[in-house]
């Protein structure tokens with residue numbers, strides 16, 4: 001049982017076909033899709049259901065569309081929480097957080113009440129890190145380790161920028177890291193990145209041969225990529241976000257390759273990098289048997305530490321603001 005919220009939206013429209021045809025959970029895994037959205041979007045959702053049916057996909061056993069949490073969250077194996085309140089013109093950040101706290105408190109409660117205790121929860125709707133934290137706190141019977149938020153899109157953006165710079169395929173770039181918040185304070189870190197060039201794995205700085213770019217425009221480009229897409233398309237990232245969701249979930253399901261790590265927003269408590277506890281913060285992780293583990297022992301220089309701390313400070317501010325509205 002696989003749930004997608006915000007299912008009438010553009011990210012879901014790019015995502016659902018890939019899930020339903022087996023790109024994420026395997027070519028032998030039958031799929032029951034549950035699609036949740038707000039009541040006014042149900043007519044649009046009916047059209048999405050019709051298209052999924054018309055694809056005649058062998059793995060897609062059933063599609064259920066609903067605006068009711070008790071239907072959507074029942075006996076779930078995976079929940080992909082895409083739907084959130086977008087920031088509107090003139091909206092203060094505290095008002096955005098307050099609106100999203102209400103959504104993710106409710107959905108966390110529904111997970112707690114109706115879903116399997118083994119459910120894997122991926123939060124995509126922004127502000128994703130803090131929304132993920134609120135959902136996890138609202139589902140006390142589900143382990144915090146079962147919750148993660150999407151920073152894989154940022155990770156993929158960073159890989160792609162390095163690959164373009166080095167004139168290699170993106171698959172030749174591994175072990176970039178996104179630290180922190182899925183926001184403009186995120187820190188794309190390539191100090192541990194390897195680039196395969198002419199059959200040899202080179203350190204990223206050696207492969208790129210432009211330290212100023214890696215410490216300047218590269219970081220800014222990844223941090224601001226979402227805004228750049230909106231400026232160009234007049235819409236937020238959808239195709240690339242859907243691909244990143246698939247990558248994230250496939251790695252949870254199938255594990256990460258030996259010696260490689262990817263970026264995910266996960267619960268910070270117990271980390272060894274000095275990141276404050278009780279946050280959902282993006283770390284380098286390795287995954288085995290559907291369980292993630294933060295990669296320990298990576299050297300962090302002062303350049304990196306200051307940027308990691310800045311993103312943590314933003315997340316603390318978001319968390320405290322969100323929790324204050326939760327308590328009201």
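Glycine too: its Cβ is placed from the backbone N, Cα and C atoms.
Not measured: the values here are computed from a predicted model.
Among the features that TrEMBL reports, domain 'Lactate/malate dehydrogenase N-terminal' is placed at 4-147. Taken from TrEMBL, the feature NAD(+) binding site covers 37, 100, 124, 125, 126. Among the features that TrEMBL reports, substrate binding site is placed at 87, 93, 126, 157. Look at TrEMBL and you will find 151-320 tagged as domain 'Lactate/malate dehydrogenase C-terminal'. Taken from TrEMBL, the feature active site, proton acceptor covers 182.
Every protein chain shown contributes to the tally, and the Cβ of residue 125 (NAD(+) binding site) ends up with 25 other Cβ atoms within 10 Å. Cα to Cα, residue 93 (substrate binding site) and residue 37 (NAD(+) binding site) are separated by 23 Å. Assigned with DSSP, the residues of the domain 'Lactate/malate dehydrogenase N-terminal' (4-147) fall into helix, strand and coil as follows: 66 helix, 24 strand, 54 coil.
Counting Cβ atoms from all protein chains shown, residue 157 (substrate binding site) has 22 others lying within 10 Å of its own Cβ. Distances between the Cα of residue 157 (substrate binding site) and those of the recorded positions 37, 100, 182 are shortest for 182. Residue 125 (NAD(+) binding site) and the residue listed as 'active site, proton acceptor' are 10 Å apart (CA-CA, integer value). The record assigns 37, 100, 124, 125, 126 to the NAD(+) binding site, and the maximum Cα to Cα distance across that set is 16 Å. Taking all protein chains in view, 28 other C-beta atoms sit within 10 angstroms of the C-beta of residue 124 (NAD(+) binding site).
Cα separation, residue 126 (NAD(+) binding site) to residue 87 (substrate binding site), rounded: 9 Å. For residue 126 (NAD(+) binding site), the number of other Cβ atoms no farther than 10 Å from its own Cβ, over all displayed protein chains, is 20.
Across the residues annotated as binding substrate (87, 93, 126, 157), the widest Cα-Cα separation comes to 25 Å. Residue with the densest Cβ environment among the recorded positions 87, 93, 182: 182, by other Cβ atoms within 10 Å.
Here residue 87 (substrate binding site) is positioned 10 angstrom away from residue 100 (NAD(+) binding site), judged by their C-alpha atoms.
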